[in-house]
Amino acid sequence: MNNIQKNRWKDQVFKFWGIFCTVIGLVLLTIFIGDILIDGIRRIDWDFITDLPSRKAENSGIYTALMGSIWILALTTIIAFPVGVAAGIYLEEYAKNNKLAGLLEINISNLAGVPSIIYGLLGLEVFVRIMNLGASVLAGSLTLSLLILPIVIVSTREAIKAVPQSIKDASFALGASKWQTIWHQILPASGGGILTGVILALSRAVGETAPLIVVGALAYVPFVPQSPMDEFSVMPIQIFNWISRPQAGFIENAAAAIIILLGITFIMNGIAVYFRNKWQKKWK
Amino acid sequence: MRKIKELIIEKTLMTSALITIAVTLGIILVLSIEAIQFFSEVSIFDFLTDTQWTPLFTEKHFGILPLLSGTLLTSFIAISVALPIGLTISIYLSEYAPKAFRKAVKPLLELLASIPTVVYGFFALVVVTPFLQGFFPDLAGFNSLSAGIVMGIMIIPYISSISEDALHAVPASLREASYGMGATKLQTAFKVIVPAASSGIIVSIILAISRAIGETMIVAIAAGQQPRLTLDPTVPVETITAYIVQVSLGDVQHGSLEYRTIFAAGITLFTFTFLLNTLSYRIRKKYQEKYE
């Protein structure tokens, strides 16, 4: 009897420990965002968004870094989206069960685990030096594209995998070729899932700091990039730069810039979740 | 005509897929070539045994051990935080929590993983270090303790999410058999479900370790830039990744020995994460079909 009670008691204790652990994660998330809001929200106004960086904390703004991030985002999308989706289609629809497919799969899984700073070293040597692109927006975007490629490929595969076989069979039965089936049936049917993956990958790219520092993105840029060959800074690097300064004013700036960066990240995640939910309903 | 078009399309798609192989080869080549040039000037014996890392000073030492100890120390602290909490969350969500709670909490936890790491670095330096200094007045402004703890918070979702998937995939019949024998949920969880899902849980832990070793911004911001061979979590250290950032921010000549040190450091980092990732892939492949 005693033993049973003891076991039930242990069970209850663990249950509360489980609730505690789960909640602590969320509480930390709240404290964390709350603290940054308190530190930074008063600093955010229109001037903060449109001002150039400056030596004085109270005159500094995020304009060049924000524009740099938008440039990086746009170019990374243009490069990584077609390549990643094409590779995903190949792996899921063409390369089934041969040796190459096995190699590609283990390779992509490994790439997904390579630390982002290593991609920075690759970009520094290949894009900045060998291809002679310099510390340009293009070199940064190419580096980040390689970084998010595994994520885009994996989510494309998952989205395509979820399309029912019956749709493909019906298309083939009507005499469509493989590519016609992919282009007219599979891609429209899996579009939501692919989009979800791409947006999540891009939200990762927006927050990346280390590889861009290695590639040579600047902490202080007094101008907005006009072409893909211009030098640039991005939001996370601007934040890092402000954090590393001792004056309190810059910490406030950093908190304010973090609010804007988190805003962008959360909105992108929100859009991704929206697409995922909308698309999941379709097949269930 | 149609056949040719189909063939061209297939080859184009294949080229895209082959880019990923080129990326891996590129990483290995770039790191190896620069590292080989580095080791033609610095003996590999010194690199592995010297206890000082001072390539940017006039008196140069090239011992990787201080950077490695900094990396392993911060990672160890992070895993000590993330493993118990992450595993408990996964067991709670999979075995105890009501379905609606689980559905609501999972995306929120995954939000933790989507926060840019520079933001975690800010949190470690500006919030956690001053907070901990209230308890340990000797704690330096830059230290591996805060960096490690915050990094642990960051990787909780990696452990909880993958482990929870593994626990969830264990067939209900095993659970029912255990309950039928009169076991409590706790007994069932630890004596039946966790052992049955162990491969998935191990994979999640390996991935989390790999993630912690490669993490850059949190340690670059909050752990300091002083390579030091120590296990003391209260003093500034430098990790491999933080060193690469430090050099990249400075003005180092291409092709110089200082420039090559970041590739020598990089190949050390890559070797560690590569081994861990390959190991986790093997385990995942080996046990994947167990319950399908």
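A Cβ is built for glycine as well, from the same backbone N, Cα and C atoms used for every other residue.
Positions annotated as transmembrane segment by TrEMBL: A:16-41, A:62-91, A:135-154, A:182-202, A:209-225, A:254-275. Here TrEMBL flags A:66-272 as domain 'ABC transmembrane type-1'.
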Intrachain residues whose Cβ lies under 8 Å of the transmembrane segment (A:62-91), provided they are six or more past its termini: 48-53, 101, 104-105, 108, 137-138, 140-142, 144-145, 148-149, 151-157, 160, 182, 186-187, 194, 198, 201-202, 205-206, 212, 217, 221-225, 228, 232-235, 237-238, 257, 260, 264
Long-range neighbours of the transmembrane segment (A:209-225), counting only residues six or more past its ends (CB under 8 A): 52-53, 63-65, 67-68, 71-72, 116-117, 119-121, 123-124, 127-128, 134-135, 137, 139-140, 143-144, 147, 231-234, 236-241
Distant-in-sequence neighbours of the transmembrane segment (A:254-275), which means Cβ under 8 A and at least six residues beyond its ends: 33, 36-37, 39-41, 43-44, 48-49, 62, 65-66, 69, 192-193, 195-197, 199-200, 202-203, 206-207, 235-236, 238-239, 242-243
